[in-house]
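Undergrad: Mind looking over this structure? Questions follow.
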Amino acid sequence: MTDRTCLSIVLAAGEGTRMKSNLPKVLHRVAGLPLVCHVVNAVRGTGKSDVALVVGRGAEDVRSAVEKIAGPVSAFEQKERLGTAHAVLAAREAIARGYDDLLIVFGDTPLIEAQSLLAARERLAQGADLVVIGFRPASPHGYGRLIEEGGQLVAIIEEKEATDEQKKIGFCNGGLMALRGQHALALLDAVGNDNAKGEYYLTDIVAIAHGKGLNVTAIEVPVDNVIGINNRAELAEAETIWQNRKRRELMLSGVTLIAPETVFFSYDTVIEPDVVIEPNVFFGPSVHVASGALIHSFSHLEGAQVGEKAEIGPFARLRPGADLAEKSKVGNFCEVKNAKVGKGAKINHLTYIGDAVIGASSNIGAGTITCNYDGYNKFKTIIGDNAFIGSNSSLVAPVEIGDNAYIASGSVITADVPADALALGRARQETKEGRAKILREKYAAIKAAKSVSK
């Protein structure tokens, strides 16, 4: 982290036509979070930084998405598409406020890491005036080359303009930059548009800064940090890279993933050490799994809190508001939504628990349903400690079942049940001996008569 003031300009005005989508490109998601929000999280990870969004199509939606994670930000519309330097200058008002550092990043590079941006800012703190983030791809073909002389970056040369000798250079332009705030407007205003497209290219400020005798340098970051997203195939590739990073991070922190490539996490998933996750598990946003928990295969968790040594699945679904205490269990083909499950409570199979509180050590039998919705409103079911809910019971909310109560299997419970009570809510069984034989003979005769008449 650094204490220097910083303005991060996030370029998010691209049309994204290759995405073939009505959704602005930067709002497509990796690990459940919009691309642009990944970028904003990275710049915030470098220390104190104000954010200026340069937006185009879907401006309000883009701004709203960013403000959900970062609070109020400035947004500036790029009304004409006249190049990257022109896009940066759309935020002239913010730049003019005066900052120690200026970060220029792209809203479609979700894999940029805070440590890479921090390295660029640290170079500014050490005396650099302009820092370009570069990378070394397996093949540099098609990328702009970073031209260095005597430890200084002197120019960025595009592939089509490079000499044969320059094309041999493997150090390429990643597009992201950091520059000293006091020079920002002078450098940007000096960029011209004397080129075939008549556009203002941000890359030109390198040669301009070098010509002014400023300290211009480049740093190298991993290739995946500067991957831009232009189509759905690249979006999927970015998802794969992000997931692999997260899987490795968790395994190195003490989480067991039996088949890592089959487990998918969200941007904010928290898994504590000594959790074991079996194959084919999906984590949606806002999930926290405490130490020692076991997540069986084919489980889906979203907005859930899982306590220490709890057990989930297989084939379990935890929806937002599911809060499972220590050593509780939600087994196969169970769904839990907006419910607190007490310590040691068991919901073993084929059950729906919604808008409920289940006490410690209670047992919920197979096929139990909390009937929480009347078509208009949701109602709550409260089950005390050590209660036993027999299989195939329907608990019609609002209803409260006391501690140590016993609900007989197959019951429909519509009224509160006191502590230590036994409740039966079903018709009494009648057994008519010999009636089955009579019915079989009757139905056989009817069937035979139909066959003769054909």
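The count begins at 1 with the first shown residue.
The backbone N, Cα and C atoms fix where each Cβ goes, and this holds for glycine too.
Sharing the record's features from Swiss-Prot:
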type	residues	note
REGION	1-232	region 'Pyrophosphorylase'
BINDING	11-14, Lys25, Gln78, 83-84, Gly144, Glu158, Asn173, Asn230, Arg319, Lys337, Tyr352, Asn363	UDP-N-acetyl-alpha-D-glucosamine binding site
BINDING	Asp108, Asn230	Mg(2+) binding site
REGION	233-253	region 'Linker'
REGION	254-454	region 'N-acetyltransferase'
ACT_SITE	His349	active site, proton acceptor
BINDING	Ala366, Asn372, Tyr373, Ser391, Ser409, Arg426	acetyl-CoA binding site
Undergrad: If you measure from the C-alpha of Asn230 (Mg(2+) binding site), which of the binding-site residues Lys25, Gly83, Arg319, Tyr352, Asn372 fall inside 10 Å?
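TA: Lys25, listed in sequence order.
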Undergrad: Quick check: in three-state DSSP terms, what is Tyr352 (UDP-N-acetyl-alpha-D-glucosamine binding site)?
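TA: Its secondary structure by DSSP: strand.
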Undergrad: List the residues of the same chain that sit at least 6 positions away from Leu11 (UDP-N-acetyl-alpha-D-glucosamine binding site) in sequence and have their Cβ under 8 Å from its Cβ, in sequence order, or write 'none'.
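TA: The list for Leu11 (UDP-N-acetyl-alpha-D-glucosamine binding site) reads Val54, Thr84, Ala87, Val88, Ile104, Val105, Phe106, Gly107, given in order along the sequence.
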Undergrad: Tally the residues of the region 'Linker' (233-253) by DSSP class, grouping H, G and I as helix, E and B as strand, and everything else as coil.
TA: 20 helix, 0 strand, 1 coil
Undergrad: For Lys25, Arg319, His349, Arg426, listed as recorded positions, tell me which one has the smallest number of other Cβ atoms within 10 Å.
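TA: Least crowded of the recorded positions Lys25, Arg319, His349, Arg426, by Cβ count within 10 Å, is Arg426.
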Undergrad: Please indicate, using numbers and ranges, the residues of the same chain that are 6 or more beyond the region 'Linker' (233-253) and have a C-beta under 8 Å from a C-beta there.
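TA: Same-chain contacts beyond the ends: 19, 28, 30-31, 110-111, 224, 227, 260-261, 263-265, 269, 271, 273.
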Undergrad: Test of understanding: give the count of other CB atoms lying within 10 angstroms of the CB of Asn173 (UDP-N-acetyl-alpha-D-glucosamine binding site).
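TA: I get 23 for this one.
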Undergrad: Please state how far apart, in Å and to a whole number, the two most distant Cα atoms are among Ala366, Asn372, Tyr373, Ser391, Ser409, Arg426, the recorded acetyl-CoA-binding residues.
TA: 22
Undergrad: According to DSSP, which of helix, strand or coil covers Leu11 (UDP-N-acetyl-alpha-D-glucosamine binding site)?
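TA: Going by the DSSP assignment, Leu11 (UDP-N-acetyl-alpha-D-glucosamine binding site) falls within a strand, counted as strand.
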Undergrad: Any same-chain residues 6+ apart from Ser409 (acetyl-CoA binding site) with CB under 8 Å of its CB? Would you list them in sequence order, or say none?
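TA: Listed in sequence order, they are Gly365, Gly390, Ser391, Asn392, Ser393.
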Undergrad: Compute the average pLDDT of the predicted model within the region 'N-acetyltransferase' (254-454).
TA: 97
Undergrad: About how far apart, in whole Å, are the alpha carbons (Cα) of Arg426 (acetyl-CoA binding site) and Tyr352 (UDP-N-acetyl-alpha-D-glucosamine binding site)?
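TA: Distance (Cα to Cα, whole Å): 20 Å.
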Undergrad: Please classify the secondary structure at Asp108 (Mg(2+) binding site) using three-state DSSP.
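TA: Where Asp108 (Mg(2+) binding site) sits, the three-state DSSP reduction gives coil.
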Undergrad: Give me the count of other Cβ atoms within 10 A of the Cβ belonging to Asp108 (Mg(2+) binding site).
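TA: Result for Asp108 (Mg(2+) binding site): 24 other Cβ atoms within 10 Å.
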Undergrad: For the binding-site residues listed here, Asn230, Asn372, Ser391, which shows the highest count of neighbouring CB atoms within 10 A?
TA: Asn372
Undergrad: Rounded to an integer, what is the Cα-Cα distance in Å between Arg319 (UDP-N-acetyl-alpha-D-glucosamine binding site) and Asn372 (acetyl-CoA binding site)?
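TA: Their Cα atoms are separated by 15 Å.
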